[in-house]
Amino acid sequence: LDVNGSRVLVRVDFNVPIEQGIEAIAGYDQRLRATLPTIQYLIERGCRTILCSHLGRPRAKVDEALRLGPVGDRLAVLLDHPVKSLPEITGPSVEAAIAGMAPGDVVLLENLRFDAGEEANDPGFAQSLAALTDYFVMDAFAVAHRAHASTVGVTEYLPSAMGFLVEREVTSMGRALESPEKPLAALMGGAKVSDKILLLDNIMDKLDHLFIGGGMCVTFLKAQGHGVGASQVEEDRLEFAREMLGEAEKRGIKVHLPSEVVVASEFAADPAEVQVSSADGVPEGGIIMDIAPSAAQQFASELQQCRTVIWNGPMGVFEMPRFSEGTRVVAEAIAGAPGVTSVVGGGSTAETVEALGLMDSMTHVSTGGGASLEFLGGIELPGIAALPDAD
């Protein structure tokens, strides 16, 4: 799009931690920083840039705790450029503010989800957003899997294109799926097998290695016939786990499950008892909380021999410091491996990488949790599909 000097509506994803104020936002501002290239590009071309985002779940009503003003303040610091936060989404006052913008100005509309029309993809709400501007840029990959007014609806009324963030997401993850440098490894963790089914189904024919940690490994260990103590098992996914293990063996995919695990007497940050146990000898009543140091080192060594790693999910209960070591060891191994292309899923995995200070050491860290899982799972994302194909 030739946007020079135009009004440009940019859908961003500024859904960041806000409960503790701007200090908390500064600690987890990956999503803000990821949009800077698009915003700076527009500023340099004298555009009047109109940013829009949701924040939290206000359930279609104004929630004072979920106003975007503090986010706009943090963005202004990162941009080193003024950002005016507007107290409304549409209406006469917003129209007047936009009419008064000078070339290079940036404004941030109020939380889109204060209006029921956003999540309903209401045509009237989409038209009211489109009426504010000349062009639309989709730069919010994290909500590209949602068919909302600001992701899909506005494309019906405005010339549209993807921003640099979305382009980078699609290119990086697309390359990992379609033409990965081999060997290709999937490193799967987090709480649930069910979250990763589509992803695993979509990449099994390309995989060389499958590493499984986190809560996921409990279900896979149980599927292998091991006792897992009082650890939570996804009983309805045991058959899938067995099928996946069988399919991996048939395809020659090397499956890596932890040989040892960290077991606690209760699911708590500081349980009464913590011990390292053999994965096939978890004591009755014990709860698997992390992969053990020996397993983490084994994972790390094997991962460093791969050329492409797709990672989604921590190796343990990372938010509890006592059970974060397995994730740290594995993450540092991936980040420090020369010649390894690392594609990291969004959501809790991205937050983990950010907390470890490894964001800049990974090849690509997605800004989208659910969106990255669906994209890697081969599902068409409405917010991407709504954009016109490039000539």
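Including glycine, each Cβ sits where the backbone N, Cα and C put it.
Pulled from TrEMBL, these are the features on record:
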- ASP13, PHE14, ASN15, HIS54, LEU55, GLY56, ARG57: substrate binding site (BINDING)
- ARG31, ARG113, ARG146: (2R)-3-phosphoglycerate binding site (BINDING)
- LYS196, GLU319: ATP binding site (BINDING)
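Features as recorded by TrEMBL, highlighted on the structure.
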| residue | record | Cβ contacts under 8 Å, 6 or more apart |
| --- | --- | --- |
| ASP13 | substrate binding site | ARG31, THR35, SER53, HIS54, ALA140, PHE141, ALA142, VAL143, THR367, GLY368 |
| PHE14 | substrate binding site | ARG31, LEU32, LEU51, SER53, LEU55, LEU68, VAL71, LEU75, LEU108 |
| ASN15 | substrate binding site | ARG31, SER53, HIS54, LEU55, GLY56, ALA142, VAL143 |
| ARG113 | (2R)-3-phosphoglycerate binding site | HIS54, LEU55, GLY56, ARG57, PRO58, ARG59, ALA60, GLU119 |
| ARG146 | (2R)-3-phosphoglycerate binding site | GLU119, PRO382, GLY383 |
| LYS196 | ATP binding site | MET188, GLY190, MET216, ASN312, GLY313, LEU373 |
| GLU319 | ATP binding site | none |
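In sequence order, VAL16, SER53, LEU66, ASN111, ARG113 are the same-chain residues whose CB sits within 8 A of the CB centroid of ASP13, PHE14, ASN15, HIS54, LEU55, GLY56, ARG57, the residues recorded for substrate being left out. By the criterion of other Cβ atoms within 10 Å of the residue's own Cβ, the least surrounded of the binding-site residues ARG31, LEU55, GLY56, ARG57 is ARG57. Comment: (2R)-3-phosphoglycerate site residues ARG31, ARG113, ARG146; largest CA to CA distance 18 Å, whole number. Counting Cβ atoms from all protein chains shown, HIS54 (substrate binding site) has 26 others lying within 10 Å of its own Cβ. Our reading of the substrate binding annotation (ASP13, PHE14, ASN15, HIS54, LEU55, GLY56, ARG57) yields a largest Cα to Cα distance of 14 angstrom.
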